[in-house]
Amino acid sequence: MAANYATGLSDYDNKGRCGLPEVRDEEAEIEAKVATLVSYIQSAKCVVVYCGAGISTASGIPDFRGPNGVWTLEKVNKRRKTETVKKEETNSISVSFDDAKPNYAHFALLNLLKSNHISFIVSQNIDGLFLKAGATRNQLSELHGNFFLDECNQCYTRFIRNSASTTMGLQVSSVPCPRGGRPCRGFLRDTILDWEDELPLNEMQLANTYSAKADLTICLGTSLQIVPAANMPFMCKKRKVDPGKVVIVNLQATKFDKKADLVIHDYINNVLMKLCKCLNVKVSEYNDTMDLTKHCQPFKVWL
């Protein structure tokens, strides 16, 4: 679960602003803003979506900086000088990564990709929910890793896991790279970054390529506090000719709100439901036969 992931990270003081109040726009305002978002999407040739922890809360995985986020509660506990957390504060911290299932947001985004309404997804999440929803490697860039992917430390081939990794911080295991053909003499490691680890080059290159040519970037459920990911959605606005637009959908305010062309304060799933309805996009549901972490052979290559 996210809490275990958080405790497995190295000590790091600068975790950003935590516990900001959540604000939800009035329903009529949300409807009007979604209509504007629809017009942005319909006029764009390249739409990139940036995803933060807020898209996974509906799957039972807590965020980090929300009112009951992992880092927020950690700061509360430090102020209390106790490790005890009130029961009502831990209700959301109950689903393991193994048991968590993708929610409407994950399937909506993949169906929007399939219908060519969006072009690419950049995710800061490590929960593997896009993988469980059936995402292919060319559809998204995961900047901070994935608990359900191991990687060879020599050839960088990625392999799907049936269960969440028990290690973090790019730890190399004793398992030789199972890739077919000539042995590369590498060993498998987890893909989960610690605070000071460099972002994976291939994932960064993909994210930068799409971000630079985007006509529109949509930020979903992210507080936009972790760099360089926080700055990447705004690359499209730096073009002198035909600069792109940025839309932020989040329940909390971000420091980039004034730079965005549109800000929607609402639940991610609610916005995506309205959006898909307007675009006539049918959204699929979870089926474990499509879950790439289920029923797969050991060391299946992620394609």
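Even glycines carry a Cβ here, placed using N, Cα and C.
Automatic, uncurated: that is what TrEMBL annotation is.
Taken from TrEMBL as is:
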- 27-282: domain 'Deacetylase sirtuin-type' (DOMAIN)
- HIS144: active site, proton acceptor (ACT_SITE)
- CYS152, CYS155, CYS177, CYS184: Zn(2+) binding site (BINDING)
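All features noted in TrEMBL, drawn onto the structure.
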residue : record                       : CB count, 10 Å
HIS144  : active site, proton acceptor : 18
CYS152  : Zn(2+) binding site          : 21
CYS155  : Zn(2+) binding site          : 15
CYS177  : Zn(2+) binding site          : 21
CYS184  : Zn(2+) binding site          : 15
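Separation of the C-alpha atoms of CYS152 (Zn(2+) binding site) and the residue listed as 'active site, proton acceptor': 16 Å, rounded to the nearest whole number. Distances between the Cα of HIS144 (active site, proton acceptor) and those of the binding-site residues CYS155, CYS177, CYS184 are shortest for CYS155. Cβ proximity to the Zn(2+) site centre (mean Cβ of CYS152, CYS155, CYS177, CYS184, cutoff 8 Å) flags the following additional same-chain residues: ASN153, GLN154, TYR156, THR157, ARG179, PRO183, ARG185, GLY186. In the three-state DSSP scheme, CYS152 (Zn(2+) binding site) is classed as strand.
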